[in-house]
Amino acid sequence: MQIMTILSELIYSPVWPQEFTWLIWVAFFFAFAVSYGMGANDACNDWGTSVGAGTVKLWQAYILCAIFNTLGAVLLGYKVTETIRTGIVDVSVYDVYAQYEPTNHTYVIVPFCQVTNASLETTTFSPPALPVAGEAPIIECARYTSADFMYGQIGTLLGVSVFMIVSSVFKIPVSATHAIVGATLAATLYLRGNMGIKWMEIVGIVISWFLSPIVAGFFSSLFYLVVKFTVLMRRHTFESALLLCPVFMVFTLAVNLFACIFEGSKYLHFDTLNWWQALLISTGIAVTVGLLIHFPLRKWLRNRAIRLYEKDKAKHAENGGIPLRSRDISSNKVVDTSYTIVDGVKKQLPAGEIIPPPGPWYKYITKNVTEDPLASKVFNALQMVSASLLSFSHGANDTANTVGPLVAIWLTYKTGWALTPAETRDDMQYLLFFGAIAMIAGFVTLGHRTMKLIAQEITTEVSAPSGFTVELGTAFTVLFCAKLGIPVSSTHCAVGAVLFVGMTKSTSEGVDWKVFGKIVVVWLLCFPVSALISLIMTYILYNYV
């Protein structure tokens, strides 16, 4: 495709990006809208089950999300911006080469920058740093990224932002990453045709749309069955939950910390550690926390669970509901197995022998077991940890992905070349922090709508045990696939996990298939709608600006 007059050779002097200062303001506006839409939608996956289970209040979710999502974006986000910036399209197809013409003191576009030095070797010139305003040094020949690349990235930002915000208004969880892929693909097809598109990456992403919810659902259901057989189906569920809480905490922390430490933040020097060092550190921290919970904090955990249980029981009684009770499933009697009241004093009962329910164990895989409300309170601490770590991973991946197009535009504006290594620049942290702030704004203003759908409308009421397994399965899938280089969506994983755990809890009756069908339809529209909006915006900028 021929470059238009506005993008002619005269523009590619060493100071040519200065003519696009206005475009930077537009890029920041649309990038804010993208991150805002992601916060109103994607970020809800991290806290929807925790809020729905009553583990955290909505205002607490706002604070925790702001902390952990920002930390993830700032500490690890610089790594994943490269995927969106260079992993879908070969940006080098936008390269232009400008050579100084001494006869008329202008720059002209040439097919390639080649000069012969004293050793008669051919050298290709990369773009030098742009001069300070007012200076215009003579550069013999340099490689730049064409200005129309920035137009395409603006179109990408608009397409994603519109789709994300509209989906959030209608309470539909969608994937910002997949919207960016569709919008980027459409802009590139218009500007450069089939050149530079990494079709195998696109195919991998499409396949992940179908596989990631199933994989996340499988792991979440597996974790729920473990909780079901080790805690929920025991005679004294409360004591079983207290006994196994440290074990679940060790596993949760070890898996998530290893994913964060291995090939992690350069600012914390984690990138210098090999896999066994990362495993040793993550396991050591996890085991230490588990021992603290099992010994010095065991009494605190017990009293906290009882206090929360009593508070909920009183609230139900005030509302005219049936008082909450623990149960003994071996005798099918409604009893409180945790403590009794003697002369007005709360007295703890002994744990007794933990006996599984009678009959073959495999008959209880699909059996609906009513979750003990007292034992569920023990899982509150686990769910808060799993949600916080999931939020950290989300910040490091999805928040950074939404900033990817802005990073590409910013680097083109600052250096003339979009492929300038981002992780070597300090200003990348400011861009990632900008994206995190915009995400928090979206989460606070619109996030409650999508959280309500995830927590209450896809499946039956989410509890702390099931919410914990949903978040653990989602984080496990996202982090595991990320380390293998498999592109997945945290949104698709979270929805798949909620769906499968709902089915595991109470078979098909635990799922609202009408709501799930609506979600699937919007998922299918995500790619083409974002692509169409991006195409229209790119066309307008390229032809009329």
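For all residues, glycine too, the Cβ spot is worked out from N, Cα and C.
What TrEMBL says about a protein is an automatic prediction, not a curated fact.
Annotated transmembrane segment per TrEMBL: 20-39 (among others), in sequence order.
Annotated transmembrane segment per TrEMBL: 59-78 (among others), in sequence order.
The feature transmembrane segment is assigned by TrEMBL to 149-166 (among others).
Residues or ranges marked as transmembrane segment in TrEMBL: 203-226 (among others).
The transmembrane segment feature in TrEMBL is assigned to 241-262 (among others). A Cβ distance under 8 Å defines the sequence-distant neighbours of the transmembrane segment (241-262), meaning residues of its chain 6+ beyond its ends; these are 76, 227, 230-231, 270, 273, 275, 278-279, 281-283, 285-287, 289-291, 293-294, 298, 301-302, 305, 351, 354, 372, 375-376, 378-379, 381-382, 385-386, 389-390, 392-393, 396, 468, 472, 475-476, 479-480, 482-483.
Taken from TrEMBL, the feature transmembrane segment covers 274-295 (among others). Within the same chain, residues 245-247, 249-254, 257-258, 261-264, 301, 381 sit at least 6 positions outside the transmembrane segment (274-295) and bring their C-beta atoms closer than 8 Å to a C-beta of that stretch.
Per TrEMBL, the feature transmembrane segment maps to 428-446 (among others). A Cβ distance under 8 Å defines the sequence-distant neighbours of the transmembrane segment (428-446), meaning residues of its chain 6+ beyond its ends; these are 28, 31-41, 43-44, 62, 65-66, 69-70, 73-74, 77-78, 81, 165, 168-169, 395, 399-400, 402-403, 406-407, 410, 422.
Long-range contacts of the transmembrane segment (520-542) within the same chain: residues 4, 148, 151-152, 154-156, 158-160, 162-163, 167, 172, 174-175, 178-187, 189-191, 209, 492, each at least 6 residues beyond the stretch ends and with a Cβ under 8 Å from a Cβ of the stretch. Among the features that TrEMBL reports, transmembrane segment is placed at 520-542 (among others).
It is 149-166 that, among the stretches 59-78, 149-166, 203-226, forms the most Cβ pairs under 8 Å with the transmembrane segment (20-39). Within the chain, the transmembrane segment (59-78) has long-range Cβ neighbours (under 8 A, six or more residues past its boundaries) at 43, 46-47, 50-51, 260, 264-268, 384, 387-389, 391-397, 399-400, 403, 422-423, 428-429, 432-433, 435-437, 439-440, 443-444, 451.
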